């Protein structure tokens, strides 16, 4: 087949060269191609950096089907395509073209594609980009032609007029020479028409493709925003044809792929330069939705709640009584004469089908107003009876025939009740009703609703009737007007008047839309055991909701229950393991899943699954996508109701080699464990040392909310209206205050479990001597005296071989602590002592890192690294110095060095644990952030919204709208406070547990397995952390186990013997008794057993009652409204500079310092634990011991000298010691001594 082109050269204004005709054009093949992850674009003008952004806009869904169109010429005669049909624009278009010869030249956008409406042309004529919006006479086959590599004809449109936009871009030269080989160019575009602007996004990729659209990820950037202001419903592509002559043009190879945008949610990842580097289509599959729900591209193993679903109705059930008679409305409306208004007449209509559409569609009625019911809904309703009241009044008096009206007619002739349910119909009958008609002009008392007074006087002979003189020549306001008032009696008895709706079959036990006598709803209908009275049509529950109905045809009573509704949970092994997921439809039968839809009534394809081997019912709901194994194993991912899931291979659970998510029943023991089967247990025979890190939060940040500023901003009108809400705001802050008090109480109670430090008595003045410069100040227990600092600042520890080198490196500079870390047997270690300067430095770094992490985008968290490192190094130091724990357990001692590696591995999780604790701290800020986002997205800027309302509406309507905003904000605040209360309860429970562990694990040695770490407890060390405590538990865990046959008791001579401590085990030939946590067999004696009862086995059944969750009673709002919505006055509040939310930061530096000191003293107080090893710690004598020691020496010397002198045994040491008179050798003691003369003896 060959394509022939004929040119029609029309000499029109603004005409191009004419148009061409294509002969024998085949229909497009329209093959489908996957879009993969292409077509993402920058949908707004906001610059974002290093952030994940959730946005809702019109995007091309990932992996959607694109339609392929060709410009193709194969063998010149047989396969020739030039596909340029008119395509649907929809909500936007994704367009991708693969080519090599510049075949694609542009597009035409419009609606009718004729000269009656404007169209937009965006084309490349090989030298310019031309953009025009006009009324075009478009060519049937718009195209460009290229002859011998040169642009020849522009056959796009013949003429144009009424142009409103005309733009020509800068000139260039397009290569129009046909090329051979593979496709070299991939150009992608996105077109969106919003608010009169056509936005164009584009990206270019160099390719080398023989065919098809490449897979991958692409991001398009904005290039044009054109203010066309036209309606765009369709578009078509403008392409070029080629020839070596001036005729017989043929297409060159090119392909383009199109798809429509859909409104969806995408999560975009921006790098630090503001570039989109990745994206997730949140509705693509369960894993994608999960990523958007947790706002993270990486998902850890577990089960996550994503969204809600509701089972959609499958059928519609309409049940009306079997009534065929037509209601006689024609007799009422077409009566020959209508009565006087004071003597109005009533007609009862029953046992008939009422076609109200004839009435409210009639154009002859001047008034058709309904109260308590919509005219368009009457066709779906049934009533016990309908009453038609008729009378004649003036046209101007029709307004008085309405609830709550006053006037001569409403007060003295015809009165409607305030709760009137019905319709008022009136029409002008000036030509038909003429003459005198009467009405009552006055009366002693006003009429009651539907009261009729036929008297003509007031009882005292005074005439009360006046006359209408109707004729067609008076003004319209005084002309005769007929009025029919239809009063509807609501169903309190069987329906007798229904709309002309055809009844359908009754469908039970399925989710359906139902209509019983006008009662509409959605639910499941089931047979009921209730009994109705003969007149009763509906049944109500304690909350006054309709929960049962009588079928008007069979008179059967039916219960109404809601259709299945619940959450959708996604089970994932973690994105690092697999992208495979399973989906749990909570509390729903699998038979309902194919019709399950999301709460917003959308039906993504992934929601609908076909039944098969990977669909099975559990008590938790319908699980889809996981293979069910009929066995019990240790739980990996708990799903609920005793069902667990794992990501396993064939060697573990399955019969094939492929990994898959496997669901199974939860077991108490490990897989194939003999410890829980066949009367056998596993008893440890060997152990290894392990260290477990445990983080226990005990408090959280305190917050308060400035309710008025947060809800109303600077709007005085809103603030005044907020006063009518009573004590809502006060109660919110009262709850937050209670949370803050609870946090202080938690902290106090946790630290109260720690033993108080030993305090020395206050000794400042003793025996008249002032010791204030020598003895420490008892009011400052952490400060040493000058002499203490000078003489006694060292502690002697057992050196495993690294402490001396550390001390030589450290010198007197505490800041070199980490730098001086030593290597010991391949491990980095530090001495297990911290000076006060070191404690202060590390604590400050930790607190600063945690506090600044929130506003430094995580960079501040780097300050926490030294804290984690020194903690790990010091515990390495503790480990290597404890070279002998048990001399009678040589194997444990020998394996200690290998266990140090495990300790290091365990301590590597400390940073992660602290990160979790940081999450506890930041959850409050996150809740506030969520609250702000919720209010921002739902209500916009507070002040601008309120001011806009006040400017557009009158006072009453404005207060109604502001009231809605206040209600929404109060609800958000209430949600936030509820989250805080829940979190506070969790923190309280954690604080209680931390206090217990402080007592049992730190101050003692717990006998509970896995309570203080994983395994059997040896010792624990607390470390302070923001808003919590970090415990490092040293435990020994079984490294080898052996299975033994066991029995709970031994029956001997009709009596049952039970072990006092431990269990009975058998080695195959004999029975022994051994400890449960370590195999140490002993002979069974009366010392380790006791006798109780006989050998009979008594089986008891515990209470297994399962209580249904309580249904809250929905009481009337009246009491609540009476309590809060009341007249309330208050002086104006000066808000000043009070911020909207006061998210205060609690400074617990003193508590952290205190915890450091307490932890140190606790470690020193574990005297009983020193018996476990050979670790020795020598403390130098205090200064007062040294003083006493020196004083004693001095006293001994003085006493010795005195004795020597008194006993004349002084040797004088050749004159070095002069003893005075005690060394004289004069025998005459009576010789006088001359004053001033010194005597010498020889």
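Here the Cβ of each residue, glycine as well, is placed from N, Cα and C on the backbone.
What you are looking at is a predicted structure, and each value in this text was computed from that prediction instead of being measured.
Per Swiss-Prot, the feature disulfide bond maps to 19-139 (among others); the stated evidence is sequence analysis. Of all the Cβ atoms in the protein chains shown, 23 others lie within 10 Å of the Cβ of residue 19 (disulfide bond).
For residue 163 (disulfide bond), applying a Cβ distance below 8 Å and a minimum sequence separation of six or more within one chain yields 132, 133, 134, 135. Under the heading disulfide bond, Swiss-Prot lists 134-163 (among others), citing sequence analysis as support.
Annotation comment: Swiss-Prot describes 282-292 (among others) as disulfide bond. Listed in sequence order, 54, 264, 265, 266, 267, 288, 289, 291, 292 are the same-chain residues six or more apart from residue 282 (disulfide bond) with CB atoms under 8 A from its CB.
The Cβ of residue 352 (disulfide bond) has 17 other Cβ atoms within 10 Å, all protein chains considered. Annotation comment: Swiss-Prot describes 327-352 (among others) as disulfide bond.
Residues or ranges marked as disulfide bond by Swiss-Prot: 370-423 (among others). Its Cβ placed at the centre, residue 370 (disulfide bond) has 20 other Cβ atoms within 10 Å.
Feature annotation from Swiss-Prot assigns disulfide bond to 382-498 (among others).
Residues or ranges marked as disulfide bond in Swiss-Prot (evidence: sequence analysis): 809-820 (among others). In the shown protein chains, 14 other C-beta atoms lie within 10 A of the C-beta of residue 809 (disulfide bond).
Per Swiss-Prot, the feature domain 'BetaCoV S1-NTD' maps to 14-294.
Annotated N-linked glycosylation site per Swiss-Prot: 115 (among others), in sequence order. For residue 115 (N-linked glycosylation site), the same-chain residues 6+ apart in sequence whose C-beta sits under 8 angstroms from its C-beta are 135, 136, 137, 161.
Residues or ranges marked as N-linked glycosylation site in Swiss-Prot: 124 (among others). The Cβ of residue 124 (N-linked glycosylation site) has 18 neighbouring Cβ atoms from other residues within 10 Å, across all protein chains displayed.
For residue 162 (N-linked glycosylation site), applying a Cβ distance below 8 Å and a minimum sequence separation of six or more within one chain yields 118, 134, 135. Taken residue by residue with DSSP, residue 162 (N-linked glycosylation site) is part of a strand. Among the features that Swiss-Prot reports, N-linked glycosylation site is placed at 162 (among others), with the record citing sequence analysis.
The Cβ of residue 273 (N-linked glycosylation site) lies under 8 Å from the Cβ of 49, each of these being in the same chain and 6 or more residues away along the sequence. The N-linked glycosylation site annotation in Swiss-Prot covers 273 (among others) and rests on sequence analysis.
Secondary structure at residue 576 (N-linked glycosylation site), taken from DSSP and collapsed to helix, strand or coil, is coil. According to Swiss-Prot, the N-linked glycosylation site annotation covers 576 (among others).
According to DSSP, residue 589 (N-linked glycosylation site) sits in a coil region rather than a helix or strand. What Swiss-Prot records for 589 (among others) is N-linked glycosylation site.
Positions annotated as N-linked glycosylation site by Swiss-Prot: 686 (among others). Residue density at residue 686 (N-linked glycosylation site): 16 other Cβ atoms are found within 10 A of its Cβ, drawing on all protein chains shown.
Annotation comment: Swiss-Prot describes 770 (among others) as N-linked glycosylation site.
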Subject >> Model confidence over the topological domain 'Extracellular' (14-1182) (mean pLDDT, whole number) >> reply: 74
**OP:** Tell me the Cβ neighbour count for residue 1043 (N-linked glycosylation site), meaning other Cβ atoms within 10 Å of its Cβ, over all protein chains shown.
**Re:** 14
**OP:** Using DSSP with the three-state reduction, classify residue 19 (disulfide bond) as helix, strand or coil.
**Re:** coil
**OP:** Rounded to the nearest Å, what's the C-alpha distance separating residue 809 (disulfide bond) and residue 686 (N-linked glycosylation site)? Just drop the number here, would you?
**Re:** 40
Subject >> Secondary structure of residue 809 (disulfide bond) (DSSP, helix/strand/coil) >> reply: helix
**OP:** Please tell me which one of the recorded positions listed here (124, 139, 498, 576, 686) sits closest to residue 327 (disulfide bond), measuring Cα to Cα?
**Re:** 498
**OP:** By CA-CA distance, flag whichever of 423, 576, 1043 among the recorded positions is nearest to residue 19 (disulfide bond).
**Re:** 576
Original post:
Just checking the recorded positions 139, 423, 576, 686, 820, 1043: which sit within 10 A of residue 352 (disulfide bond), CA to CA?
Top reply: none
Original post:
What does DSSP call residue 139 (disulfide bond) in the simple three-state scheme?
Top reply: strand
Original post:
How many Å separate the Cα atoms of residue 589 (N-linked glycosylation site) and residue 498 (disulfide bond)?
Top reply: 37
Original post:
Which site among 134, 139, 292, 382, 820 has the most other CB atoms no more than 10 Å from its CB, taking these as disulfide-bonded residues?
Top reply: 382
Original post:
Where the distance is taken from Cα to Cα, which of the disulfide-bonded residues 139, 423, 498, 820 turns out closest to residue 576 (N-linked glycosylation site)?
Top reply: 820
Subject >> By Cα-Cα distance, the member of recorded positions 382, 686, 1043 nearest residue 124 (N-linked glycosylation site) >> reply: 382
